[in-house]
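Asker: According to Swiss-Prot:
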type	residues	note
DOMAIN	137-346	domain 'ATP-grasp'
BINDING	167-222	ATP binding site
BINDING	D300, E313	Mg(2+) 1 binding site
BINDING	E313, N315	Mg(2+) 2 binding site
Amino acid sequence: MAEKIRVGLFFGGNSSEHDVSKRSAKNYYDALDPEKYQIFPVLISKKGIMIDSETSKRVLFGEDEDELLAGLPNKNADIFGPIDSIRNLKLDVLFPSVHGNLGEDGTLAGLFRLMNIPYVGSGLRAHAISFDKVITKELMTVNGIRNTKYIVIFQNDKNKPDWDSVSKQLGEVVFVKAANQGSSVGVSRVTNAEEYENALRDSFQYDEKLLVEKAVESPTELEIGLLGNDRVITSPIGAHWAPGQDHGSGWFDYKNKFVDNSKMKYQIPAKISPAKSKELENMAVKAYKVLGIKGFARIDFLMSKDGEIFLSEPNTLPGNTNMSLFPILFEAAGMNRSQQAEKLIQLAFEEFKREQNISYSFKELGSEKLGQFDIKK
C-alpha cells in the first residue's frame, strides 16, 4: 500500500474572515480521501500565531478556540517557531485556506516557498499584486482589460480631493475601498459629500491607500472560477445577488457575504449571451495570466445595463464554505469538491516541479576575480 500524502491544512488567520476560513478548511478536510491523504490541520490564531496540529484539529472540529488557546505560550511568535513546527510534521504539500491577511496577501506563500515545500495556489507575488486593488486595476488598464474608472487617495496626501472634485471625475455614485482588504471590509457606497467624508474616515482605519471608483449603475454581478497553472480551465459563469434585493439592484457588503448569505440567490449558468460569455471568459483568462496566478482563483465582474463588462476584482484564495461561489461553480461543471481538492494538490506538485527547474542564481563572468584589483600607478 502506497504511503499517504501528508497534507498541512492551514486555516484561521488574523483577518475578519477567520471563522469563514475554518468552514472552508473543514470542507477541504472532509473532501480529501482519507485512504490517500493524511491531513494535519494548522491553525493560525487571531493573534497570528501558528498552533500545534493536535490543538488545531480540535478547533477545526468545533471545540471552542478561545478556551483551547487560553494560556498557551506564544512560542511560535518568531519566524523559527512556525518553520520548525511545519518541518517536524514532515509534510509533502501545504494547503492554505487562510483568507484575507496572511493568506491572500502572500505572507503564507512566501513562508512556504522559503521552506521549499510544494503548496497549493499562487506564489507571494501574484497574491500580493492581486490583493492590492489599486495595483490590480493599474495592471488591468495597462493590459487592455476593461475596469471601472478610478482615482487613488493616500492617507498622507495634503490635498485630498473633495466630493465635488470626485463626483465630477467619477460620477454621482462611487465606491470608496481600502486597497488591501477583502470581504467588503472598509468599503462604502457613496452618493454625497457627507457619506464621502465618513467613507474616507472608515476606510483609512484599514489601509493608508484607498481606491475610489465609479459605480456601475444597476450591474449584474458575475463571477467565474479558474483552475490551472499555465493551462487554465474555466467554470460556468455565475450570477448572484444579495438577500432582499432584485437581480442587479444592489451590492455585497460584509453582512451580505457572511452574516446573511443563507438566502443568497444564484443563477448558474448566468443568463447572458454566448458572445458576452466568451468575452468575459477571455478577460478572466487574460487577467489570470497577467497577474501570474497559479492553482485557482475566482474573478468577479460587473455587467452594465447596456452589456458592457468590467473586471471587478480577483480572489486568489477563494472560499470553500457551503455557500462559497468557487466550488459551486465547478460543481455545476460536474467536478465535485473531492475532485477539486485533488486537482489543487496535483497542480501544487506540478508547479513545484516547474520551479525546481528554474535557476535563480548565476555566476557572473569573471566573478572569481571579484575583489582582486590591479591598481596601476
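Placement of Cβ uses the backbone N, Cα and C atoms for every residue, glycine included.
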Asker: Where V174 (ATP binding site) and D300 (Mg(2+) 1 binding site) are concerned, what is their Cα separation in Å, rounded?
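Answerer: Counting only the Cα atoms, the answer is 18 Å.
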Asker: To the nearest Å, how far is the Cα of D202 (ATP binding site) from the Cα of E313 (Mg(2+) 1 binding site)?
Answerer: 21
Asker: If you draw a 10 Å sphere on the Cβ of E313 (Mg(2+) 1 binding site), how many other Cβ atoms land inside?
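Answerer: If we count other Cβ atoms within 10 Å of E313 (Mg(2+) 1 binding site), we arrive at 19.
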Asker: Compared by Cα position, which of the binding-site residues S167, Q181, S188, E195, K209 is the closest one to E313 (Mg(2+) 1 binding site)?
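Answerer: Smallest Cα separation from E313 (Mg(2+) 1 binding site) among S167, Q181, S188, E195, K209: Q181.
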Asker: Cβ-Cβ under 8 Å from S167 (ATP binding site), same chain, 6 or more residues apart: which ones?
Answerer: V174
Asker: Give the distance between the Cα atoms of Q181 (ATP binding site) and D300 (Mg(2+) 1 binding site), rounded to the nearest whole Å.
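Answerer: Answer for this pair: 15 Å between alpha carbons.
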Asker: Looking at the binding-site residues S188, E195, V216, D300, whose Cα is closest in space to that of N315 (Mg(2+) 2 binding site)?
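Answerer: Comparing Cα positions, the candidate nearest N315 (Mg(2+) 2 binding site) turns out to be D300.
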Asker: Determine, from DSSP, whether D300 (Mg(2+) 1 binding site) sits in helix, strand or coil.
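Answerer: For D300 (Mg(2+) 1 binding site) - judged by DSSP and reduced to three states - the answer is strand.
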Asker: Below 8 Å Cβ to Cβ and six or more residues apart, same chain only. Which residues does that give for E195 (ATP binding site)?
Answerer: S188, R189
Asker: CB neighbours of K209 (ATP binding site) within 10 A?
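Answerer: Here the count is 20.
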Asker: If one measures from the C-alpha of K209 (ATP binding site) to the C-alpha of D300 (Mg(2+) 1 binding site), what distance in angstrom results, rounded to a whole number?
Answerer: 22
Asker: May I ask which residues of the same chain, at least 6 positions away in sequence, place their Cβ under 8 angstroms from the Cβ of V216 (ATP binding site)?
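Answerer: For V216 (ATP binding site), the qualifying residues are T148, L302, M303, S304, F310.
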Asker: Among all chains shown, work out which of the binding-site residues D202, D300 has the most CB atoms within 10 A of its CB.
Answerer: D300
Asker: Using a 10 Å cut-off, grab the number of neighbouring Cβ atoms around the Cβ of Q181 (ATP binding site), all chains included.
Answerer: 22
